[in-house]
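Worksheet: the structure to be examined is printed underneath.
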Amino acid sequence: MNKINLEDKIILAIDGLNIQEAKLFLERCPNIKWVKVGLELFTREGPNVIKFLKDLNKKIFLDLKFHDIPNTMEAACYEVSKLGVDIISVHASSGYKALTSSKNASLDGANLASVNPPNIVGITVLTSFSSEEFRNDLDRKNSIEENVVRLAKLCFDAGLDGCVCSPWEAKRLRSIYKNNFELITPGIRTKTQNKDDQNRIMTPYEALKNGASRLVIGRAISKAKDPNKVFLDICNSIY
């Protein structure tokens, strides 16, 4: 794998910034190709942030984690797909009907807007959950990994393009789905970084070795004094 391909595998989370701050930040990070827009940033700035990032020729992971009844998810995916984003996240636990409706609606919306259709990925179990919290807070009898495997299968059967999981589960999922199913992994931390509010974490090298397709990295880069250097250092540490 060459360094150019590695740059395409890292998605920078910029949720803590407004548009002007994001503009200044991305000017300092010319090597970054992918940007994640989450609920905080999209709620603050709305669709304008998508237009802004597209004008910078960035690829966009719109991580709004839609989770609602099928009709509402269908309508939401239809609308945001018209913005020309590259990946949209929905909660896998919304069920088969909601997932298939979301996928089909994204194709229709993109077609209407004459943009490329986005990949739809399903959120399995949030990386902020520890095993104890997952068992006690949600009253789940099965392990996190077993639930991730079950939800990933639901995504695959519903025709989604991939799922979001922690790097801990990526190895097992990759053994099941080989290379025709995208595995996006948050919970990425460098060896010197605090885990913050994440629990099931790995280094970038470990996550890719486990089968992750793309890595979502936020504070390790966004809080750095020289973010572009840190980004390239991460690429070099994997290469």
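Each Cβ is built from the backbone N, Cα and C atoms, and glycine gets one as well.
Record features (Swiss-Prot):
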type	residues	note
BINDING	ASP15, LYS36, 63-72, THR127, ARG189, GLN198, 218-219	substrate binding site
ACT_SITE	LYS65	active site, proton donor
**Asked** Cβ distance under 8 Å to HIS67 (substrate binding site), same chain, sequence separation 6 or more: which residues?
**Response** MET73, VAL90, HIS91, SER93, SER94, ILE123
**Request:** Any same-chain residues 6+ apart from the residue listed as 'active site, proton donor' with CB under 8 Å of its CB? Would you list them in sequence order, or say none?
**Result:** LEU39, SER89, VAL90, HIS91, ILE123
**Item:** Close in space, distant in sequence - PRO70 (substrate binding site), Cβ under 8 Å, 6 or more apart
**Value:** SER94, GLY95, LYS97, ALA98, SER101
**Request:** Within 10 Å of each Cβ, count the other Cβ atoms and name the one among the binding-site residues ASP15, THR127, GLY218 with the highest count.
**Result:** THR127
**Complete:** Simplified to three states, DSSP reports ASP15 (substrate binding site) as coil
**Fill in**
Neighbouring CB atoms within 10 angstroms of the CB of LEU64 (substrate binding site), all protein chains considered, total 17
**Fill in**
Simplified to three states, DSSP reports HIS67 (substrate binding site) as coil
